[in-house]
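A.B. asks: Dropping a structure here in structure tokens format, bear with me for questions.
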Amino acid sequence: ESAGRERWRRWLADGVDDYEDRHDDLAGDATSRLSPYLHFGCLSAVESAERARRRGGAGAEAFVRQLAWRDFHHQVLAARPRTAFEDYRERGDRWRGEGPEVEAWRAGRTGYPIVDAAMRQLLHEGWMHNRGRLLAASFLTKTLYVDWRIGAAHFLGLLVDGDVANNQLNWQWVAGTGTDTRPNRVLNPLAQARRFDPNGDYVRRWVPELADAAALPGGRVHQPWKAADGERPDYPGPIVSLDEGSARFRDARHLD
């Protein structure tokens, strides 16, 4: 508890002002990292929201909104407990199940560095940046068209802040079966990488085989398959093309 309160005190004093503008920056440290302390009851969400409001500013307000989403998911699960394992909104999906692509996703070897970095952060730290969670979940459910419950179970087994309500319902939100969702939104990992890790710092931190690849300076690290023959690092190629994944999803959701 004392460590959580000290982290909260320091972040409220020195970090919250950057939160609204930089909390999606994968390579940075603008998130609060308070989720484990909130999960285990070391910090009160209500007290944290009140102190943030007293602090004031756009960053504090953005943080309070995230706390509100957290409590909202708890309320949804309390009202509809079966959403822990059933779709909140049925879309008629015939999800794909276990297979080599899922194993590659779990291991952080999909061939898409930004997705693999997020999955390896989870394996090493038991925590993942929120933007990374969105990317990894979108890749599994929208690009691979794999059942969200498979991904949710993997996350819940490893996350130190693993919370049934927030984990399951955030997975449903990404998969398009949850509350207030955009069911057919697909996050393009390359576009997301250019936006939230433009210099490739996050990827190099978690995918060491790409860290020193001279042929992939700066943002080029996000597309290692474009390196010239003989200069490609020892890293897997994409397990599926984005075009193939998009076509698979559109066909499954009858979007054409």
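Numbers run from 1 along the shown chain.
Just so it is clear, glycine is given a Cβ too, placed from its N, Cα and C backbone atoms.
Okay, so TrEMBL annotates it like this:
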type	residues	note
BINDING	TYR19, THR31, SER32, ARG33, LEU34, SER35, PHE63, ASP161, GLY162, ASP163	FAD binding site
DOMAIN	63-251	domain 'Cryptochrome/DNA photolyase FAD-binding'
SITE	TRP95	site 'Electron transfer via tryptophanyl radical'
SITE	TRP148	site 'Electron transfer via tryptophanyl radical'
SITE	TRP171	site 'Electron transfer via tryptophanyl radical'
A.B. asks: Helix, strand or coil for GLY162 (FAD binding site)? Use DSSP.
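C.D. replies: The three-state answer is coil.
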A.B. asks: Of the recorded sites TRP95, TRP148, TRP171, which sits closest to PHE63 (FAD binding site) by Cα distance?
C.D. replies: TRP171
A.B. asks: So among TRP95, TRP148, TRP171, all listed as recorded sites, which is physically nearest to TYR19 (FAD binding site)? Use the C-alpha atoms.
C.D. replies: TRP171
A.B. asks: Tell me which of the binding-site residues SER32, LEU34, GLY162 ends up closest to TRP171 (site 'Electron transfer via tryptophanyl radical') in space, Cα to Cα.
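C.D. replies: Comparing Cα positions, the candidate nearest TRP171 (site 'Electron transfer via tryptophanyl radical') turns out to be GLY162.
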A.B. asks: Where GLY162 (FAD binding site) and TRP95 (site 'Electron transfer via tryptophanyl radical') are concerned, what is their Cα separation in Å, rounded?
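C.D. replies: Cα-Cα distance, GLY162 (FAD binding site) to TRP95 (site 'Electron transfer via tryptophanyl radical'): 24 Å.
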A.B. asks: Let me check the 10 A CB neighbour count of SER32 (FAD binding site). How many other CB atoms are there?
C.D. replies: 22
A.B. asks: Might you list, by sequence position, any residue in that chain lying six or more from LEU34 (FAD binding site) with a Cβ less than 8 Å away from its Cβ?
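C.D. replies: The answer is GLY4, ARG7, TRP8, TRP11, LEU43, SER48.
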